[in-house]
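Here is what TrEMBL records for this protein:
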type	residues	note
BINDING	R52, Q53, A54, G55, R56, D101, Y176, S231, H345	substrate binding site
COMPBIAS	1-12	compositional bias 'Basic and acidic residues'
DOMAIN	47-56	domain 'Uroporphyrinogen decarboxylase (URO-D)'
DOMAIN	164-180	domain 'Uroporphyrinogen decarboxylase (URO-D)'
REGION	1-29	region 'Disordered'
Amino acid sequence: MSANDLPREHSSVRSGEGPSTGLRTTPATHDSAFLKACRREPVPHTPVWFMRQAGRSLPEYLKAREGVAMLDSCMMPELVTEITLQPVRRHKVDAAIYFSDIVVPLKAIGIDLDIKPGVGPVIAEPIRTRADLARLRDLTPEDVPYVTEAFGMLTAELGATPLIGFAGAPFTLASYLVEGGPSRNHERTKAMMYGEPELWADLLDRLADITGAFLKVQIEAGASAVQLFDSWVGALAPADYRRSVMPASAKVFDAVAPYGVPRIHFGVGTGELLGLMGEAGADVVGVDWRVPMDEGARRVGPGKALQGNLDPAVLFAPTEAVEAKTREVLDAASGLEGHIFNLGHGVLPTTDPDALTRLVEYVHRQTAR
Ligand SMILES: Cc1c2[nH]c(c1CCC(=O)O)Cc1[nH]c(c(CCC(=O)O)c1C)Cc1[nH]c(c(CCC(=O)O)c1C)Cc1[nH]c(c(C)c1CCC(=O)O)C2
């Protein structure tokens, strides 16, 4: 029997009998509200975590990061551990997300890039030709020893709290690589996608291999779930997504399927793509605030949990307004089989951290069963 044939229950975190002998998992996380919701099982309360929960909204984060460049911090396991744990301690969220960035695996295979404060990832020599593809070599666990080390420290500290691993999806990574940095319109990316479809397909396929390998490292080191961030894929129409992106994203999900850990798929402005993003192979589909959760569930179809979807800007409103908008999300999600409460995108840097703590308490209180 191949690992692919293993029923989900057996290949999952409970038994530690996944395809890898290195799978380090605990029964404690298996019964967490977060993993139960991912598996669409009954939960004691709706689990909550926030994309970008570790970051500039926390004074303790700003202090820990003082004088350390973003990319350097991602390669320092003690610091990564501290920063990852900060929002868990402060907000009592139901899951931790590994502190890193989507460009870390690219840096690890030798792509010259930096994360510029207030800008984002900037690539020294963008990938634009077939010859450039040769720079995208395979990623091995030896390229990212600091990831394995940080996951080891984190899972030991976290106990029953699940740790989410993540990676950037091929389209979103390709956009940074081709444009050379953040882009509003993704014009060079789309020019390659439409004008040189074979080069584009090969680029995305390379990125799928790198991303799959990077997620495997995280799962082998103890990730309880993984999220694939396709943040900018909402720039595409469904037909283009299906033809030019979905095969690569599906390849990533297939690569980690044998482990049986829940796979979350998220993008911004993806209302028209939700069905296809589920089809790509996710167990949980992230929904941003533009689509109500019940409508999101209809678009995603049966058999998948949903994650979302409070507008992160709502947190700047008075508490009563935050609670009213949160109530709307919970009501829209009340018929769902599996709901993980999150924001529709990452925590904005100037968010009052106390508003986040109150939000976690509110969701837990309102959904206690
Ligand atoms: C598109 C994307 C990136 N990085 C990421 C995405 C996908 C998620 C999304 O859509 O928001 C993923 C990411 N980046 C970071 C995390 C940490 C884990 C978490 O708490 O969610 C995660 C999950 C840390 C970070 N990554 C970055 C920061 C800010 C840098 C800092 O604190 O100095 C953090 C905390 C840098 C970064 N890196 C990137 C951007 C756009 C930026 C912000 C640039 C800026 O405004 O300064 C690329």
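Residue 1 is the first one shown; counting continues down the chain.
From the backbone N, Cα and C atoms, a Cβ is placed for every residue, glycine too.
Here the features listed in TrEMBL are painted onto the structure.
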residue : record                 : CB count, 10 Å
R52     : substrate binding site : 18
A54     : substrate binding site : 24
R56     : substrate binding site : 15
Y176    : substrate binding site : 25
H345    : substrate binding site : 23
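Counting only same-chain residues 6+ beyond the ends of the domain 'Uroporphyrinogen decarboxylase (URO-D)' (47-56), those with a CB under 8 A from a CB of the stretch are 32-34, 36-37, 62, 83-84, 86-87, 91, 93-97, 99, 164, 266, 340-343, 345-347, 349-350, 356, 359-360, 363-364. DSSP states for the domain 'Uroporphyrinogen decarboxylase (URO-D)' (164-180), grouped as helix (H, G, I), strand (E, B) and coil, give 10 helix, 5 strand, 2 coil. In this structure, R52, A54, R56 are the binding-site residues from R52, A54, R56, Y176 whose C-beta falls under 6 Å of some atom of ligand 1. The residues of the domain 'Uroporphyrinogen decarboxylase (URO-D)' (47-56), classed with DSSP into helix (H, G, I), strand (E, B) and coil, number 0 helix, 1 strand, 9 coil. When averaged over the domain 'Uroporphyrinogen decarboxylase (URO-D)' (164-180), pLDDT in the model lands at 98.
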